[in-house]
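Record features (TrEMBL):
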- 10-126: domain 'Response regulatory' (DOMAIN)
- ASP59: 4-aspartylphosphate (MOD_RES)
- 148-314: domain 'Histidine kinase' (DOMAIN)
- 311-530: domain 'Histidine kinase' (DOMAIN)
- 560-678: domain 'Response regulatory' (DOMAIN)
- ASP609: 4-aspartylphosphate (MOD_RES)
Amino acid sequence: MREPQLNQPSILVVDDQPRNFDVLESLLSSQNYELHYASSGQEALESLELIPLDLILLDVMMPEMDGIEVCSRIKANPQWQSIPIIMVTALTEKEDLALCLSAGADDFLSKPVNGLELRARVHSMLRIKQQYDNLQTLLKLREDLVKMLVHDLRNPLAGILLGLEMLTYPKLSPEAKQEKIVKIKLSGQKLSGLIDDLLLMARIESGKIALNLSPVDLGNMLRKLVKDFEFNASQKKIEIITQIPDFDGTIKIDQAMFQRVLDNLLSNSIKFSPQESQIIVIAEHLPEGGTKIKIADYGQGVPDNLKQCIFEKYEIGTLMQGVSQIGLGLAFCKMIVEDKQQQAIETIATSGTHLLSLINDILDIAKIESGKFEIECAPTSIQHLCESSLLFIKQQSLQKRITIQTKIPPKLPEIIVDERRLRQVLINLLDNAIKFTPAGGKITFDVTIENSSSIGFAVTDTGIGITPENLAKLFQPFIQIDSALNRQYAGTGLGLTLVKRIVEMHGGEVKVESTIDLGSCFAFRLPCQDLLLKSPQSPSENGLNLDPSSTNQALQELSVILLAEDHEANIITISRYLKAKGYQIILAGNGQEAIDQAKLHDPDLILMDIQMPVMDGLEAIQRIREDSDRKLANIPIIALTALAMTSDKQKCLEAGANDYLTKPVKLSQLTSTIQQILAQGKN
């Protein structure tokens, strides 16, 4: 067997006859492969536990465990099932070959093996395996990048929306309100900075950016950069070490853009470095005449093709509009008198909510494209589903004087669907109808049941209509059918894509009929054989009474809550709000601090942010639940996170959280959840 070399494809040959391995090794000797040998099916399975493999050449006829069984076992194991298998067999009957394929084999070779055919099939399977591995890497990086983006967008947005909710709190002093406005402004600036980065990335990837080159003293620029970040580094007791030689003369660069790159590199190094560590900034001359700059080493880069597939389709203009409205509203907030403050707050909140909706849509599309989008079906009241969806668009319809006519049969049964996702569908359709219907128009919302076999929903409007050639574009992601409409009617082009995917995941189909200047009808039917349940119970029958106002005020005043959060705006807003509600608050800036503070103060409840430095919230929850003396193990924990995937919720609950809230959390929802959990503990 040849000595393994770097990046050699690893191939396992499984055959009970050693001479057959010798033949295959000889035929493949001209190729750069690392060959391993197993003389039985059991030995092959043991090899899989020890050796990372790219391909398996598997003999069919073997004693004890034949190749068919070995293949079936390999393909049944999620850890191994992506490894391609070529069956090597003397069998020639079609039924035998079909049996190999049904066991999971990817290809087969007939004995005696032809060298040319062997090399061609091996090369083909290895190429497919490499492409599969690359795709999995890209999907993982894409998922991580989307999570990072959503977290970085949601956190400042959470600070804005929570701050606005606090501004309406009647007991807040003018000084506290002014301080809150400053914090909101800082969150808005952070959000705007991230949007600028996204916009720059999109311009770079599309080739629509020109460099403004000018002579720059690189050494002085780097030294100034380090000096600017010394304070931030000192907050974590991080020492910045520099190795910057004296540069002769200047170099021509785009100073503003280069400064932005260096700022990002150094700020990320500080962000992701542990307490009391070191960061090294190195600049060195290259033999070929260039300059190499290295700032620490804080993580893997993202491939260019991945950045493109993530960023090239962002509706940057829509994002920027949302940020602009937030900024204008905040500026107005500083100038207005008290009685007009509410109107400004509502304007900002509307823009923030729109931006949050866009973030959620982008996340949903990313989940769909990566195969991680899931639905959670449960018995759902059709009546409640329809009423809550109509309530969402009620204000818009009143503002445009649009009449909404509903045709919903009485005493509708329950159906088993994902209520949240189906409500998302109905709100999208109703919201579009409102958006594209002129003032004074009419919208009809119909619900029909046919022979207890399907349920249909239809939204008909008297709006502008859609041309036949544009109907085909409706359900494509990030597409709006007319640039003029894009300017006139704000949107991302994501809503109908989600509508189509969600309906299809429920086994239904969306249909559209439209006539220019007369209106459109969007309709879908869901099959509900065996899905119809008994009519919903009345509130008195289900035995639930979750009235938050019934919570004992004394319970709040005696309760100690530990808030583990690293985002300053969220810390200030949540802690002040809960203090105003009568709770005692203890703060922790990361997971390790949360554990230490919990041991010291024995709180009644913990609010745990998931994404924090030093130790994240998931690990902190697990350690708390594993506390040996059980002092901490039974403290109720509410997880707070900007990540909204079903799998993220499951991870929180599996780690030991009692409940889970997605940022930006509404303060009323937060207090309601706290009250319920504390009341359960007292009972």
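Just so you know, glycine gets a Cβ as well, placed from its N, Cα and C.
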The domain 'Response regulatory' (560-678), counted residue by residue under DSSP: helix, strand, coil:
55 helix, 24 strand, 40 coil
Report the DSSP secondary-structure composition of the domain 'Response regulatory' (10-126) as helix, strand and coil residue counts.
51 helix, 24 strand, 42 coil
Report the mean pLDDT of the predicted model across the domain 'Response regulatory' (560-678), rounded to a whole number.
85
Do you know offhand how many angstrom separate ASP59 (4-aspartylphosphate) and ASP609 (4-aspartylphosphate) by C-alpha?
53
Give me the count of other Cβ atoms within 10 A of the Cβ belonging to ASP59 (4-aspartylphosphate).
25
